[in-house]
Amino acid sequence: MLWTDCLTRLRQELSDNVFAMWIRPLVAEEVEGILRLYAPNPYWTRYIQENHLELISILAEQLSEGRVRQVEILVDSRPGSILSSSEQPATTTAALQTAPIPQPAKVKREPEPVANTAVSSKSSKKKLLNPQFTFSLFVEGRSNQMAAETCRKVLTQLGASQHNPLFLYGPTGLGKTHLMQAVGNALLQAKPNARVMYMTSESFVQDFVSSLQKGKVEEFKKNCRSLDLLLVDDIHLLAGKEASLVEFFYTFNALLDESKQIILTSDRYPKELTELDPRLVSRFSWGLSVGVEPPDIETRIEILLKKAENSGVDLPRNCALFIAQQVVANVRELEGALNKVVAISRFKGAPIDLDVVRESLKDVLAIRARTISVENIQRVVSEYFRIPLKELVGPKRTRIYARPRQLAMGLARELTGDSFPEIGMAFGGRDHSTVMHACEKVVSLREEDPIFDEDYKNLLRLLQS
């Protein structure tokens, strides 16, 4: 039967939990080239439409060899079905607010925790805070220092209105999850009986839906609203999850009313989350929003050295510098590069040196050679400041050319693997000491001059995009 074949493929494509909870209970029939799937209620049909109908349609057409060209998902109102028409709620929203979704027949599932939770040591629930995500293992630099200091301050003033909620934002892989979980780990260490819950937006949705299906909505609400600290990762991914957004809105308000601390992360500043309910976005701005930026080269070096030290790996500083020059996007990629270097070193039975590093990162080096070069940096900087390229690399020392030139040299040192002499040659044959001085000047100017620092960040984004 076509649906049986589809189920076999869907089991391979989807997680066991999603397959058992959402796909297996569906009833199917094929009518004149249409595969009709029946779900117990409107909420179920909407979930399938939004998340899995496209995949099911592709599989149905492939496995039927073109016989089936359309897949429909309907509420099962047939006589004797799981949910007869007389039992259907008037609207999806009403169903969500007034009644749990009935448990489909023939589906047997093991009990699950209501949420991804870290609570006191006396709790039987699984502790999902990463024990490695502590303040002592977090490497601070200019790009994340304010966020780290704010998180420490939250611990001393838990629930204080000036930083509740605390909203950490920035691109993926920069340590936002590490910082928020560091707060949770530190709180549990100081107060073992504190109630701390960490979850992603996805797990919040899954756990909320699961509670609806099992008739345990009140238990879910109680767990979420009786906390001392709620940590939610990637809050922007709640977009489009209407019922879950409503529940999160009430949970958010309940915790704030009790002065319980909330920490959220997102890839964007709160007011840029235009796809979320404006009321919720407004509440995100009630406390304190702190950005986390890509680490500069000094911070990247320290991250590598600390990671190596904690792993018992001997990483020479010149090798850390080389890796940091090649991998600039985020901390996650940086750690991935180090893991690859360590793996190659162990495979060859050789200590880590520049030859091992170059061999390990040859794919990265090949890509960067095609994308970021000193010449490319010079072109982008000259266009950004609207100055002729010949003046950028020329001998004139007037401020209008000197500052962009220093900035370009600093970027070249950070983004390419070129040495000081090589960079100097690309800038009109200047010697290595001139380039070294320019790079040192860039570091000090970024600390002293906010406009210069902003120009540096803008160019960094342009070159990395």
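Here the Cβ of each residue, glycine as well, is placed from N, Cα and C on the backbone.
The following features are taken from Swiss-Prot:
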- G173, G175, K176, T177: ATP binding site (BINDING)
- 88-100: compositional bias 'Low complexity' (COMPBIAS)
- 1-87: region 'Domain I, interacts with DnaA modulators' (REGION)
- 81-123: region 'Disordered' (REGION)
- 88-127: region 'Domain II' (REGION)
- 128-345: region 'Domain III, AAA+ region' (REGION)
- 346-465: region 'Domain IV, binds dsDNA' (REGION)
Residues near the ATP site, G173, G175, K176, T177 excluded, by Cβ within 8 Å of the Cβ center?
G170, T172, L174, H178, L179, T265, V292, N330, V331, R332
Within 10 angstroms of the C-beta of G173 (ATP binding site), what count of other C-beta atoms is obtained when all protein chains are considered?
16
Near the Cβ of T177 (ATP binding site), how many other Cβ atoms are there if near means within 10 Å?
20
Please report the number of other Cβ atoms within 10 Å of the Cβ of G175 (ATP binding site).
24
Determine how many residues of the region 'Domain I, interacts with DnaA modulators' (1-87) DSSP places in helix, in strand and in coil.
44 helix, 17 strand, 26 coil
DSSP three-state assignment (helix, strand or coil) for T177 (ATP binding site):
helix
Provide the three-state DSSP residue tally for the region 'Domain IV, binds dsDNA' (346-465): helix first, then strand, then coil.
92 helix, 0 strand, 28 coil
List of residues, in chain order, with Cβ under 8 A from that of K176 (ATP binding site) and at least 6 apart:
A147, L168, Y169, G170, D233, T265, V292
Restricting to the region 'Domain II' (88-127), report the mean pLDDT as a whole number.
34
